[in-house]
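Student: Here it is: the structure, laid out below.
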Amino acid sequence: MTGSTFPTDPVALARDLLRCQSVTPADGGAQALLAGVLEGMGFETFHLPFGPADVPTPNLYARLGKGHPALCFAGHTDVVPPGEGWAHDPFAAVIEGDRLYGRGIADMKGGVACFVAAVARRLEQGPLKGSVSLLITGDEEGPAHFGTKPVIEWLAERGELPDFCVLGEPTNPQALGDVIKIGRRGSMNAVVTVHGTQGHVAYPHLADNPVHRLLAAFSELTARELDAGSEWFDPSSLQVTSIDVGNGATNIIPGSAVGRLNIRFNDLHTGAALTAWIEDVVRRHAPQADVQVSISGEAFLTQPGDAVTCLSEAVRSVTGRTPRLDTGGGTSDARFISQYCEVAEFGLVGATMHKRDENVELGTLEDLTRIYLAFMEGYGL
């Protein structure tokens, strides 16, 4: 393979990916396109559909080399629906001025293109000293049941886990180089259904008001300060998101009440411990209550070490900024990867992600490519 065949231009690849209408759960040809590019660079590729046989979730894993250090780039090709009112066709990959427009350019087809271009530039210098892989899912913007989680489990079963993973989420709020994510809070939702006895409001002694029991339980839950934060995390937060009784009458005590809450928790807690606490409080106020808990991810932290330092130095060398190490924001697929290897997140500027006219500056695509290349070189590849 000659150097001229390597896809070193991130803009060209990003535009090709943007033209694939991969609104989750559809793929739109994005992963086949990417697989073809990677195979042309010498990667071994695996198409890994998971989920229902009639509508499987597309996933792509590609690896070049077998040695160590073993670096993985994780990302996704699915995008959220574009909505209405765009100035340009959201799948036309229009360049206007110094910006590239398209659904998913920031989150995160642009990041995928930059990493591929960085690997291409590294290969122009000679063979890798270790191995590089890509884990690309089509189920990040959806339920995330059949994407990164089963793929990383598949890698573990094969004994093919990386030493370190970079997730290319758009971590930067305003400018490239703002933030590297080294952890994320855990997230859990609880649905509490309290059953009472329906009755007339004039005869409360003949009824059992479930709303009062639910409010008492939620008052105790919200009164507790979960923690004051930890070294890398802000304080955990419990928020009541709804209380529903379905009662349109003014003179009826309802027979049941349903409350919902969410907890974003730091590394001082586990989902299991918080679940036990919620159940204990609720059942003291409403012994017959039904509590259903869904934990979408545990809190995790990658302690700053050699790899994170190397990534930070790569960012600084290209942008002149020293990125802030951060754990804020919502959940990401890093919650699945962190159970198997160290992971940090760094990608493009996310100011327009999920918005109408999503776009990035063309220069940031080149700069992110240079950052990924500098990181690979510093990491020993």
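Keep in mind that glycine also has a Cβ here, set from the backbone N, Cα and C atoms.
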Student: Look at the Zn(2+) 2 binding annotation in Swiss-Prot, where Glu141, His354 are given, and name the residue from Asp107, Asp178, Asp326 listed for that site too.
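Tutor: Among the candidates, Swiss-Prot records only Asp107 at this Zn(2+) 2 site.
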Student: Swiss-Prot has Asp107, Glu169 binding Zn(2+) 1. Which one of His76, His145, His195, His200 is in the same site?
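Tutor: Candidate listed by Swiss-Prot for the same site: His76.
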Student: C-alpha of Glu141 (Zn(2+) 2 binding site) to C-alpha of Asp107 (Zn(2+) 1 binding site): distance in Å?
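Tutor: Computed Cα spacing between Glu141 (Zn(2+) 2 binding site) and Asp107 (Zn(2+) 1 binding site) is 10 Å.
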Student: Show, in sequence order, which residues other than Asp107, Glu141, His354 on the same chain lie with their Cβ within 8 Å of the centre of the Cβ atoms of the Zn(2+) 2 site.
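Tutor: Along the chain, the qualifying residues are Val79, Val80, Gly104, Met108, Met353.
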Student: With every protein chain in view, what's the tally of Cβ atoms within 10 Å of the Cβ of Glu140 (active site, proton acceptor), excluding that atom itself?
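Tutor: Result for Glu140 (active site, proton acceptor): 24 other Cβ atoms within 10 Å.
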Student: Give the residue from the recorded positions Asp78, Glu141 that has the most other Cβ atoms within 10 Å of its Cβ, counting over every protein chain displayed.
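Tutor: Within the set of recorded positions, the most crowded position is Asp78.
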Student: Only counting partners 6 or more residues apart, tell me which same-chain residues put their Cβ under 8 Å from the Cβ of Asp107 (Zn(2+) 1 binding site).
Tutor: Val79, Val80, Glu169, Pro170, Gly350, Met353, His354, Glu358
